[in-house]
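In TrEMBL this protein carries:
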DOMAIN    1-113  domain 'Response regulatory'
MOD_RES   Asp49  4-aspartylphosphate
DNA_BIND  62-176  DNA-binding region
DOMAIN    62-176  domain 'OmpR/PhoB-type'
Amino acid sequence: MLIVDDDPQIRSMLAEYLATFGMEADGAEGGAAMRAAMATRDYDLVVLDLSLRGENGLALCREIREHGDLPVIMLTARTELADRVVGLEVGADDYVTKPFEMRELVARIHTVLRRTRGGGVKRPAAVGGHELRFGSWRLNRSIDLLVSRLRQKLRDDPRDPTLIRTVRGEGYVFTGAVEA
């Protein structure tokens, strides 16, 4: 994950604490450093300070949202309801006020990641005993749409399919007869 905060002490303290939970975190002191880090690496989540020196955390959150669905947790000293609402409306997935309990932030990170990743148990894909890694690919419904169109072309009833069966939580399996 990426921690964007202009306070180096908060960045290092958070990175060290997150490491105890098996999370790897990089730090960035502002928007330019955030952009540079995001250009070289894919992150699962951004912890973003709302009040950066000379920059607007809300604008950075909007910028992150314009480029994809990367989860954002706002971390800020602003406690007003209006600030929280605006932060959530511009695209933050959660909002934590300073001072904060580190353990609570970790719980919120887990919750946001679970929610944005689909909540399922992660199992690595394997072929011949070798694990396959897919980087930062995200689940979408494009395969479902393609299978639906394929079923229509094959005249396979989607309510009771005989050629392409859905395996819940896994994908699809072709069950038609195959001749050699």
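Keep in mind that glycine also has a Cβ here, set from the backbone N, Cα and C atoms.
Within its own chain, the residue listed as '4-aspartylphosphate' has Val4, Asp5, Asp6, Asp7, Ile10, Gly57, Met74, Leu75, Thr76 as residues 6 or more apart in sequence whose C-beta sits under 8 angstroms from its own. For the domain 'OmpR/PhoB-type' (62-176), the model's pLDDT averages out at 79. Secondary structure at Asp49 (4-aspartylphosphate), taken from DSSP and collapsed to helix, strand or coil, is strand. DSSP places the residues of the domain 'Response regulatory' (1-113) in helix, strand and coil in these numbers: 53 helix, 23 strand, 37 coil.
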